[in-house]
Every structure is written in C-alpha cells, then in structure tokens.
C-alpha cells in the first residue's frame, strides 16, 4: 500500500510555534525499514582517482561506509527532535556512474520500534556523501552533493510509502 | 587570489590505498573562513506551514539553525579523517524562495587554525537541511535536499577559492 | 498513590562503598513519566532583553528548549551510573515571572522502560537553565540558578511520587 | 579590578532575534579562569549515608567529581552557542555542611584561549550536583539543587569579575 | 552448555569484503550476560603508590571504574559495527596482585536484547585499564596492558560459552 | 635523550587521594609525538579469513583503522582526567604475523600542544584491537588482546622516552 501524506499540520511544532518532540510512548513496537539515497558529483579526473579498474583505492568507500553507519547511530544526537532508538541494521552502498561522473550512495535502516527510521537513513546518506567530499576535496573542491531523499518507508501505523519515480 | 585546484593525488589515501589523516602539525596558524550552501525543496503547502506571513512558526528555523551550529562543532566526530578543531564562529542562515518552493541554507565557519573549515561549513548545511526535513516530514515525506557545495574558502597556504557561478 | 521513600541504603554504592550501577535487567517494562522544574533569576533589565511584549527575542527560549531536550537524551552519558534509555517524549517549557525577575523552566520526560526518568527530567531543566545563563551572561553575569527538583514521578514498582508543595 | 557588566544588548541574539554564536576569531589568547558554585540540600539521614565519620562512602564524591570534570569538557556539546575549547584544568570540590544538611560543590576551570570559561565552570557544578542527586535519589527523591552561580572570572578584555557577596 | 564456535564465515564482512552490520531485527529479546577481564602490569613502586595498606588512594580505582562503566555505554560509538543497545547492568572490579605486580580488571555487562554484550564487556575492561595507565603514567610510562579476553557469554541462540581455562 | 621516569608521586591524585586533573595552563606549546602498539591473537583459521593472499577482506583493516583514528580523537571523553586536545595527525597500521597467528596494531599520534599524546596513541591501539575482535568474534570468541604499551614519546619538558626492548 502506498499512501499520500496530506497532513496539514506540522507534528514537530505545537500550536504556539514551539519545537515539539512527538510523543511516541503509546505507539506499538513494529518492524520498520527506510531506504534513502543521495549523490555526489565530481570531475571525471577525481572519480578516476577513487575508482580504478583494479579498485585499489577501496578504502575511500570503506571509510565513507563506516562514516554513514556511525552517523545513522548518532541521528538523535544530530537532529534535535529525533527520538533515540536502537537500530538493528544499517546498510550503506555505493554505485559509481562513470558516464554522469557521480556516485550514488544508498542506505537502509531497520529496527523494531515505535518510530520510523527515515531520518536515520537520510543521515547515513548525507554523512557518507560528506565523507566522500572530504576524501576528494584536495583534488576537487567544486564537488556537489544532491538528490538526497527518502526512497521508501515500511512499517508503522501509516503503512508503506514509496517516493514517486521522478524526484521530489 | 583565486586558484584552481589541480592536485592529481588524493591526500586522504596513501600509496597503498589506505585511509590517511593528513599531518597538519607543521602548518602555520592562519585565519580561515569557509562558506557553503544547500537547499531543500518541498511542496508549496509544506512551505506555507513553516513560513507564514506573520512568521509564527519561527521555531522551525531556530531548531534547524541550532542543529547546524552544533553539527559543525561535531564535524571531526562525523567525518573520520577530519581533524578536531576549535571553531571561533559558526553561522547558519535561511532564505525562503516561495517561487521555487525551496529553502536555501547557508553557513559560514571560521577559526584561526592549521586546517580549512569547509567540511565544517558543509556539515552545518547538511544537518540544518536534515533538521528541516525532520520537522516537515509528517506533512511531506517527498522532500529533496540538493545543491550542497562549498561557496568559498579563505586562508591557508592555497589562498582563496571561489565556486564558479554555475554549479559543480 | 503517593509513597514516602524511606530506604536507608544507597542503591548506587555497594557494601564496600564502591560505585554501583543498579541492575534493572529483571524489572518489567512499564510506562514512566517524570516532571521537574528549575529557575533562573536575573536583573529586570536582563529579563526585559529576552522578554519584550512582542516577544521578538523568541530564539532565546527556542535555543534553551532544544538544549534541554538534547541534554535529556544525553543523560546516561553525563550521569555515570544512569542507564541508557530511549525516551519517547521530552518537553521543556518556560514561564516568565516579571514580578520576581525569574524564569521557571519545567520539563517532562516519558518512556516505556525498566527505569525511571527523573534524572533525565532534571538534566533537561539544568541544561536549559545553563543555556539561558549563557545567552544572557554578557549582560548579567550575576544570575543564579535555583530550585531544581523533581515534581512528580509515575510508573514503576514504587508507584507515584509527588514533591511536597513547599520545597525540599 | 572588578567591573560591573552593563551591556544592554544580548550578544547571543542578533538584531532579528536569531541565535548568534559570538565571533571570537580576532580575540587574543589570554589565560582565563572561572570559578562557580552550587548546592544540593537533602535530609539529614541521606547526608549521613554518604558522609560517615570514617568516610567509607567516598566513591559518591569521586563519581560526582569525575562527572563534573567530564561535563566541563562537554560544555560546547551541551550549550548550543558555546565555543569548543581546550580546558587545561578542571577542578571540582565538595564541602559537606552538616548543620544546613547540604553539600557545596565548587569548581574551577582554566585555559589559555579566546573566550571565557564560566559556562564550563557552571556546567561542572550542575552535573556534579545532578550526579549526587542520582546517587542518593532512592533514599531521598525530594532533594533540591540551588545556588548555582559564577563566583569569579579572570582574564580576557573585560578583566576580572567577582560575584557580590550576597546572592544574585 | 558450552559450544565451540566453528563458523567459517565472518559475519561482519559481506561476500564482496565490505563491512557489514549484522541484521538482528528478527532476533528475539533474551537476557544476555557477558564477562571479560584484562590486566595491567606495573613496577612494584607504582603499584604501591595506588595500593597502600590503608587504601588512601581509592580514587584511582573509583575513576577507572567509572571510566569503564561509561565506556561500556559508548561501545556502539567506538566499535563501528556494534549495534546500539541499552545495558541494564555494567560492573567493573579490580583485584591487586602484589606478587605479580599487576591489577586484574574484570567486567560484567547485561541486558535483555537482541545481541550479545561481549564487546561492551571488553570495552569496559580496556578503558578501565587505559584509565589506570593514565593515572600512573607520570610515575611509570613502561606499563603494559594484556590478557584482555571474554570469560563467558550467556543468552542468545548460541547458548553459553566459556573461555578455556588457559588463555587464547 | 632517553630519561627514566622515577617520579614517586601520582600526578593524577592529590594529597587527599582525590582525582586530580593536572594543570597544564602554564606549559609551553611544543611539538609532541607518541607511538604505541598492541596485539590480537586468534586461531590460524580466523586469521586466514581476514588475510587472504589476495587481501579480499581489506575492509576488516579499513574499519579497524578508522575506529582507531576516531577513538584517538575521543580520548578525553573516554579517559576522565585527560585534557581535550587537537591532534594534528593520527596513524594506525596493521602487521599480520602468520607464524604467531596474531596481528600487530601500531599507532602514532602527534600535535603541537601543552600535553603529551601517549594516551591517545594507546586508545587508538586499544579500540582498533577491539574492532578486530568484534569483526572476527562470530568465528573465534576466544581471541586475546595483549602487549598494549607505549613505544616512544617525544617533545615536552621531559624530553624523549623509549620503551625498553623487552616488555614492561
């Protein structure tokens, strides 16, 4: 089931416009999964530096993967109104597109809990992109990070949600 | 002075392809500034929820600003090969574009130190965008974060650098 | 039910006087809530700076609210013998008293868990007060934080507890 | 020299009422010290539990001391607009007053840096008090923390400052 | 029941050799306990400094105990592929061996959860040893930490496991 | 110059036996380097899993390297009386010994600062060893970490120090 979210209220701000952490105490524990993606664009020369045919520079991706996984675990420390939660799985993957000179970063987060994990998935993608930027910035300070969005959410009262195939 | 960076080596990976933290011990202390920007696109309805004419929902931006400032300070904990450093100024600002239905987030980081602060500026922008996403996601899970890049760097041996006016 | 606590042992120190983290493994999961309050006293001039009739300086309270919420989530990192736990709600509010020249900070923390959340509520109040102090200290370094206490606890084996109406 | 601070502006909020981290980039490095104090009041029975004549329960104070020292180091992570800085000394001490049934916590923070350390000293005192509360709360949930204030500041452009002898 | 672990695959690396966080979403919640130990060797003079007959220097052990407990709680922040989890008990103890001039540090971690806690127990032991090193290093920089291993694990699908009596 | 440290006092405990953070405010800024090492012993089968001739499982070492680097940066958060400091270089390396069935982890930390960095180097080694343990523990829960010690220190008032060639 895919639902369109049409809430006309912001759950994270109360009627006085003040920041509001949503109370999830009464929500039931359900298995929840979210996936997200993001991209980083660089010059062909820079991409070649980290993506040889023989993949010698594999540590670049290993470092970015670890950074993304660690960041997902820190999400509630970074995003003020996120609830602390106990992720049972975080996955970060990379796909090099040599035609478009960009790298796709995708993530999956999962837990059995009272609240969704799309912010964790987005945080993993964002920090993995930032880490790729950091590792390549001496060669190419003009890189750009883009296309960060949620791809899908499953679990919880509102059921499944899928991003439409063409963007925001 | 504006210089084009044409390094053909990745400073963050050694000759064996292993992750390498750059040694900045011998670098002199200079005043350094970096600016960055990023965007989040949402539906007009969502933008209206956080940007009334009377700006009642100001806490949305206040929360995102604080999240961005705090994230800049955590940069070396998030990005594995970043050096710990002592920022002397972090600034995060928002500009609402009601025609394009998007919000521009811009940041400035500054310190007197041995290494540049562009990763801190990018981290501030990224986490501020993620926080805006979090606060609006109940209304609009299809938002997209894009256009995260460095705008300028000043200070240090390599002098000033400016992003070209059109994109990556 | 209101119970008077008359334990004559310190649960957090063992018989040798050594620090002891209480073992809550066998405790059942129950819904628990705690509320706390604290105050900060300042000069009338300082209070006026953050509390105009038109409330223009709203960010002062927004920043302190976020700091308090974030601190509640960090409680087990700050208080050595506190258990890590997953708060499902944190609330921080402010009440300005222009007659007494002070601000009351109140907090509520909630979760379904094995241990109470009064330390989290107290930490939220303390750090929100410290943040107000920080934001006003250039104008008024002589401010004082006082009256930090638990107002009520609900849930858990020992049932409900209410602070007596007059003080410690 | 003791100066009265009479600034009529809040340095931590800009002219639009938005949170503002003070730019200390141009400030010179000077040696800075701040001292602060706070109190926790408890029942005579509780005080006796942690303060025997033979001081067997010394770990209570050791734990609170470490918590206070660690908290001072975390200050910029707790207080959103505080600058990260490198403390060169943190000291936390305790004085038991058996007549008033309270414990005085005092702290000293020091560094050579561009910004004052009174928030670090206040944070050390606050978290040490919270830790004492945590360790005694099973016996005495009605304790109260009070009297948290800066005692003195030295160093920096504004010179020395001393709290007046009687309160805020 | 004691089982010999003979898995011939590394669960933490996938078939491409990439870091892999094990998915524990489907694992049932069971009560789990792990114990670990480690040792630090020093000169007799140094050992005497921290272990008088009258035990005046008790704070050395109190500080190391707190550091070990706090580190167990930080385990998932330190070890990249560890899951965040909510320890319900952490215990750190010390035993001085004046004949071998060494201190044994032992730990116990416990929770009801989906994954084992041996890494938490090992982290507690390691950081407690490092803290003892730190507190004695001015007197004795040649100390050595050794013998860090898991003693036992209980709970979970694989049942109980005991270290063999003589070493690795 | 190699000096034998013969201090007969513990700098980290005061005359009352209380934890004491050394005051380094007056120490001059000098370039400081420390190196440390540690070992992890495993079964030949486990070692073979992470160390093929074609080194396919390279991510195991990449993850442990990142964990060690990140841990060095967190040292003052882990070791209570360590000063916060700004490392300008952290290096973690691995050497596989197929005859002894063990891996040597070595680290180097460097900065220009007021205090030595041997605790940072030891922390890097310890956490890198723990990470190797974590990644291999499903195959081999009986591994042992040993031989963690400082190899050398340079810089600061006390000059250079070298570990003796044979052990503690």
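Heads up, the Cβ atoms here are built off N, Cα and C, so glycines get one too.
Record features, source TrEMBL:
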- B:1-21: region 'Disordered' (REGION)
- B:21-156: domain 'Molybdopterin cofactor biosynthesis C (MoaC)' (DOMAIN)
- B:81, B:82, B:83, B:119, B:120: substrate binding site (BINDING)
- B:134: active site (ACT_SITE)
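Location within the structure of each feature annotated in TrEMBL.
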residue: B:81; record: substrate binding site; Cβ contacts under 8 Å, 6 or more apart: B:12, B:19, B:20, B:21, B:22
residue: B:82; record: substrate binding site; Cβ contacts under 8 Å, 6 or more apart: B:75, B:76, B:119
residue: B:83; record: substrate binding site; Cβ contacts under 8 Å, 6 or more apart: B:21, B:22, B:24, B:76, B:114, B:115
residue: B:120; record: substrate binding site; Cβ contacts under 8 Å, 6 or more apart: B:34, B:72, B:73, B:75, B:85, B:87, B:90, B:109
residue: B:134; record: active site; Cβ contacts under 8 Å, 6 or more apart: none
DSSP, reduced to three states, assigns residue B:120 (substrate binding site) to helix
Of B:83, B:119, B:120, B:134, the recorded positions near chain A (CB under 8 A) are B:119, B:134
Students should find that the recorded positions B:82, B:119, B:120, B:134 with a Cβ under 8 Å from chain F are none
DSSP says residue B:83 (substrate binding site), in three-state terms, is coil
The mean pLDDT across the domain 'Molybdopterin cofactor biosynthesis C (MoaC)' (B:21-156) is 93
Simplified to three states, DSSP reports residue B:134 (active site) as helix
Largest C-alpha distance in Å for the substrate site residues B:81, B:82, B:83, B:119, B:120, as a whole number, is 12
Within 10 angstroms of the C-beta of residue B:119 (substrate binding site), the count of other C-beta atoms across all shown chains comes to 27
